[in-house]
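Engineer: Okay, handing you the structure first.
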Amino acid sequence: MNPFQKNESKETLFSPVSTEEVPPQPLSLPKKPPPKICGSNYPLSIAFIVVNEFCERFSYYGMKAVLTLYFLYFLHWNEDTSTSIYHAFSSLCYFTPILGAAIADSWLGKFKVLSLVGLSLIALGTGGIKPCVAAFGGDQFEEKHAEERTRYFSVFYLSINAGSLISTFITPMLRGDVQCFGEDCYALAFGVPGLLMVIALVVFAMGSKIYRKPPPEGNIVSQVVKCIWFAISNRFNNRSGDIPKRQHWLDWAAEKYPKQLIMDVKALTRVLFLYIPLPMFWALLDQQGSRWTLQATRMNGNLGVFVLQPDQMQVLNPLLVLIFIPLFDLVIYRLVSKCGINFSSLRKMAVGMILASLAFAVAAAVELKINRMTPPQPGPQEIFLQVLNLADDEVKVTVLGDENNTLLEESLRSFQKMPHYAQLHLKTKSQDFHFYLKYHNLSVYTKHSVEEKNWYSLILREDGKNISSMMVKDEENKTANGMTTVRFINTLHKEVNISLTTDIFLSVGEDYGVSAYITVQSGEYAAVHCRTEDKDFLLNMGLLDFGATYLFVITNNTSQDPQAWKMKDTPANKLSIAWQLPQYALVTAGEVMFSVTGLEFSYSQAPSSMKSVLQAAWLLTVAVGNIIVLVVAQFSGLVQWAEFILFSCLLLVVCLIFSIMGYYYVPIKPEDLQKPADKQILHTQGNVINLETKKTKL
């Protein structure tokens, strides 16, 4: 029996072999270096990865840009539900990378997950792409080019935001400027991002032959879980005071698992512990596509030179990222370094949290300013009522309560309406109001039912020598997409067909028919084509302001064509959408310092076998952050400005906790992550022992 028989349970084995049994092995030739970009130290393969990421991010962010307004105005969900579903979807997209990372590091490898799973199946694709693509790009670099790898993560993030920049600007235009079946064209807005996913697949496959493809190293996720569980159970079973203590709690797994695996798990758990406070940052950052977009719908997007749609305001984020990344890398960080300040990765991330917190404080201030300019909303057991007199003479209106007490009294001349909505209180959620109408020498009593939290218009009309009324329920949200909203009342005895634009048509019934609300672009409408069964005519609707709600009453003029009486129900949005610029600048600066740094930090601190797992854990913090928003939106019950303040304060507290944790964290050096098995195999010539370093089978 050979006294030097192999023992596979050891981490590294030196097995002496006779030179007569095994011939001397020639020195291995160095591998041919991968092709570089223009003579630099950047592998050519990363060009395909970066372009692929640009296309994939175009698809993802282009679809997300219109998602909230799609929920709100196409599916007719309320703001809280739209916000919750938006963040539930975002959370799911960042949960699936855990599955993708397990598959990538365990069985298929990062390249196959990207090309075969991630880009082929869009539904699960984000889980295959997200944990792999950043780490896969980092794998293209040799360790001696660590500085170039750090710069790669900045370029990688630039490609993400270049795709986001273009898509968040274009897809809202495809939605709003193109009409499909008489409505906003969501089909086109979602279809173009889908096409970009096909392009992403083609580009990524083109670089297949030049990629460095590190092989998968076993079921890493399973090994990590089993190693941690064995260490905990082993420590619990050996809790006697007579048993010597060990330096680290994971050392209790040494009886079963290799030393290298235990070292890797130690490095992994140290970083994962540091990730605990991070979700709160993402809870704030990802509200740009939900709460901040909804805030923009109540602001004036007319900037003079062009008009911004509410969901186009998100374009500021990727645009500023493209500006801030080189600004921070080439200017700010270098100036800080020259001042002798050690601006470590964790310190950058803490400053990023502070900036995001300030951004939400600014958002709260903007929200308060909007509220001061916005008409109040009816609360529980309240309604808002306005009266329009379409009779040919003055009418006196008295609103009576259940006990015949006077709640409202108003005299209105012909074709006059109340200057503003009157607030009326109800005794229950729904109630009958009695109306006393006095017209000439005629007195009429009538009754109408109303429900709480609604707007109503009481329309008075003459019927021969009599006077009558009808109650019309106004829409709860009169403006959509921050655009102008109009509706019509037709006093003619014939149906009127109205062509507001080449794509927007509506019909208004005869004899005081009331149309639904129609959203149109703001601007001048001097000649709107209308048609009855026997004649065509033009209506001059004048200038329609941004975000205002108008009522047009079509009346008959015996000497001329029918005309429109114009009334403004809701004033235009007065606060410019440019007031959102400071909050976008602050949160984007915070993102550059937090997210770009965090990507590189996660890669540099990850053992080689677990880089995708740690990247997925980083993305998992994004998922948890979106769940936080979902919970707050559904259950907080706070007004919007108070919700912004809540998030701002929570992130400040989390930033303090993270700073304390980061103070005691000691970063791992790259050379400490190298495995003994990665060292060069040693061979000697002649009648001496041949020493081989074996890889451990995990």
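FYI, residue positions are counted from 1 along the chain as it appears here.
Note: Cβ is positioned from N, Cα and C throughout, glycine not excepted.
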Engineer: So which range, 154-174, 511-531, gets flagged transmembrane segment in TrEMBL?
Structural biologist: 154-174
Engineer: Residues sitting near the transmembrane segment (267-285): Cβ under 8 Å, six or more positions beyond its termini, same chain?
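Structural biologist: Distant contacts of the transmembrane segment (267-285): 224, 228, 250, 346, 352-353, 356-357, 359-360, 587, 590-591, 594-595, 598, 602, 605-607, 610, 613-614, 617-618, 620-629, 632, 647-648, 650-651, 654-655, 657-658, 661-662, 665, 668, 673.
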Engineer: Counting only residues 6+ away from its ends, which parts of the chain sit with a Cβ under 8 Å from the transmembrane segment (58-76)?
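Structural biologist: Apart from its flanks, the transmembrane segment (58-76) reaches 82-83, 85-86, 89-90, 93, 126, 163-164, 166-168, 170-172, 175, 183-184, 186, 189-190, 192-194, 196-197, 200, 289-290, 293-294, 297, 310-312, 314, 318, 480-481.
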Engineer: How about the transmembrane segment (644-666) and the transmembrane segment (186-206): at least 3 CB pairs under 8 Å, pairs 6 or more apart in sequence, or not?
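Structural biologist: Taking Cβ pairs at least 6 residues apart, the transmembrane segment (186-206) and the transmembrane segment (644-666) are not in contact, as fewer than 3 fall under 8 Å.
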